[in-house]
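Enquirer: There's a structure below that I have some questions on.
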Amino acid sequence: MQRARPTLWAAALTLLVLLRGPPVARAGASSAGLGPVVRCEPCDARALAQCAPPPAVCAELVREPGCGCCLTCALSEGQPCGIYTERCGSGLRCQPSPDEARPLQALLDGRGLCVNASAVSRLRAYLLPAPPAPGNASESEEDRSAGSVESPSVSSTHRVSDPKFHPLHSKIIIIKKGHAKDSQRYKVDYESQSTDTQNFSSESKRETEYGPCRREMEDTLNHLKFLNVLSPRGVHIPNCDKKGFYKKKQCRPSKGRKRGFCWCVDKYGQPLPGYTTKGKEDVHCYSMQSK
């Protein structure tokens, strides 16, 4: 289990590196105050002393994936790569296939490819064009207006007479919005009043349908829902019959060294006279048994 933790951290860090972009972009993000997501332990002399000698025949040596400090052979262009494989060489990035339906899963399975980083950047810029700057918003609007189907022979006076730009039309829109807002407010108030009425009717219906024991049990269970720490001390779930009234024998459970006890009540939960046996475990309630 302890050996699996560094592997998981290495996989998480490698995935973040692949998704966050090249080292230049990551350095810019760190200088902007974002900072790295995962901080690796420094590769000091003690960590480097535990590394095995690097392979003898390697075109390029790179660090192990994730937070590893040892050196290993870099992957060349076109070789398969992924989260758990070695790093790609200089100027290369591990990318899933363009037609891959599940790109992240492909990287986890090692089905990516080491491709040229500059080609990846050009492809990303082509597929994901940068949003227009705030200062060029008006220019883009003018370009879209110029490229519309509107004939250039239409005079400017005809555009001004458009009812959308008429002051009276603007006032009508404001009035309609005000009416819609008032009607929506009335609708919300009406729905809240109707909901309160329904809740009151359901509460009154519950009072007539269920007995006092059932109501106490439901109130206790509802109270337990809002407790952050559930403790058996002080929590008593009553013993109810099918009609919601109290059964004759009510008991409290044992709490550690303190033994539980039982007592006798009537159908409304009132203690029965003559049954002063509170504190005894074996209690027999004979008369007035609730059905």
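We count from 1, first residue shown onward.
Any Cβ shown, glycine's included, is placed from N, Cα and C.
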Enquirer: Report which of S140, S202 appears in Swiss-Prot with the annotation phosphoserine.
Expert: S202
Enquirer: Going by Swiss-Prot, which one of C51, C58, C67, C114 is joined to C88 by a disulfide bond?
Expert: C114
Enquirer: Would you kindly give the Cα-Cα distance separating C40 (disulfide bond) and C264 (disulfide bond), rounded to the nearest Å?
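Expert: With distance taken Cα to Cα, C40 (disulfide bond) is 67 Å from C264 (disulfide bond).
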Enquirer: How many Å lie between the Cα of C40 (disulfide bond) and the Cα of C262 (disulfide bond)?
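Expert: Approximately 62 Å lies between the Cα of C40 (disulfide bond) and that of C262 (disulfide bond).
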Enquirer: Rounded to a whole angstrom, what is the C-alpha distance between C213 (disulfide bond) and C70 (disulfide bond)?
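Expert: Checking the Cα atoms of C213 (disulfide bond) and C70 (disulfide bond) gives a distance of 70 Å.
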Enquirer: Counting only residues 6+ away in sequence within the same chain, which have a CB under 8 Å from the CB of C81 (disulfide bond)?
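Expert: Non-local contacts for C81 (disulfide bond): L75, R87, C88, C94, G110, G112, L113, C114.
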Enquirer: Could you tell me the mean pLDDT the prediction assigns to the region 'IGF-binding' (28-134)?
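Expert: Mean pLDDT across the region 'IGF-binding' (28-134) comes out at 79.
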